[in-house]
Amino acid sequence: MAMVCLSDFEAHAKKYLPKMAWDFFAAGADDCSTRDENILAYKRIRFRPRVLRDVSMMDTRTKILGTEISFPVGIAPTGFHQLAWPDGERSTARAAKAMNTCYIASTYSTCTLEEISAAAPGGLRWFQLYIHRNRAVSQQLVQQAEALGFQGLVLTADLPYTGKRRDDIRNGFRLPPHMKLKNLEGAFEVCKMSLLDPSVTWNDIYWLRSLTHLPIIIKGILTKEDAELAVRHGVQGIIVSNHGGRQLDGGPATIDALVEVVEAVQGRVEVYVDGGIRKGSDVLKALALGAKCVFIGRPALWGLAYKGEEGLQELLRILQDEFRLSMALAGCASVSEVGRHLVEFSKL
């Protein structure tokens, strides 16, 4: 079957993945209202397209923290890629490199950082960190990522404890015996989320800064107050994120929170957004509201589940083509022409 849009990949993944894996990837917290709102909120944003502008030559390229990517969509950090495809994160890294975009590898990868690096030498990769109670483990991971050529450190800030995901509890979710959290092997008995450190504060940004020269991007910010604190603590980037609606149910959709964060930051650091991006036009809306780039989580897993590296490349290509078309139809020939004038919030 020809894959035409991202929801085709979603339907395929739902049909062919084992139920426990599908439920884990799809899960939101509690009633899943925030998870669903992430998608619905994009539908309330309307374009104000401009016409009779020369869009014969289109340029979707942009830069994040000084590095050029082919279009403003990166791969958000998600765990356990081997649940979607046997080669796991190696396939993800190869697809991201082939599409010349950024891949944020998760602490909870089922391949080691070395395996991910070796799979796609020279690709743009950031490393996502959870700070564990055993700080030596986190320190080792950060320094290893830097030594392997990862170019950014993404600190996830919204997970002092794991949100209540009902299907995972019902399914008794756990990794199959042959899968391991490779980056944490030997550090402690694997996959006990309770080993995350709930005492982490803003002061730990200074601790991270002392360990690495990498730029620090903080993920999980939804308010102007926290955006201001992030800038004050010297981070280089913010990912506006509610963890795909998997943490606190009842928070804002990320595209709505983006507006508040961008206004607070006033261009002092780069702002990105994840959650709910399902079409190229969603990417355009996020950029119009001030995001430098968006990151996709679940859709990347659907691409992997379809055909591994090849499937993920296909999904990214579809998203890039849709983004290019939306830009052209809105009257923008390059990303630099996209701005707040391009969108309005629906009166409904």
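Placement of Cβ uses the backbone N, Cα and C atoms for every residue, glycine included.
Because TrEMBL annotations are produced automatically, they should be read as predictions rather than curated entries.
Around His243 (active site, proton acceptor), taking its Cβ as the centre, 25 other Cβ atoms fall within 10 Å, counting all chains. Taken from TrEMBL, the feature active site, proton acceptor covers His243.
Here TrEMBL flags 77-79, Ser106, Gln128, Tyr130, Thr156, Lys219, Ser241, 274-278, 297-298 as FMN binding site. Around Ser241 (FMN binding site), a 10 Å sphere centred on its CB holds 28 further CB atoms from the protein chains shown.
What TrEMBL lists as glyoxylate binding site is Arg165, His243, Arg246. Within the same chain, the residues at least 6 positions away from Arg165 (glyoxylate binding site) whose Cβ sits under 8 Å from its Cβ are Phe24, Ala27, Gly28, Ala29, Arg246, listed in sequence order.
According to TrEMBL, the feature domain 'FMN hydroxy acid dehydrogenase' maps to 1-348.
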Residues sitting within 8 A of the centre of the Arg165, His243, Arg246 CB atoms (glyoxylate site), not counting those, run Ala27, Gly28, Ala29, Arg35, Thr162, Gly163, Gly244, Gly245, Gln247
Near the Cβ of Ile277 (FMN binding site), how many other Cβ atoms are there if near means within 10 Å?
28
Can you check which residue among the binding-site residues Pro77, Gly297 has the largest number of Cβ atoms within 10 Å of its own?
Pro77
How does the model score the domain 'FMN hydroxy acid dehydrogenase' (1-348) in terms of mean pLDDT?
96
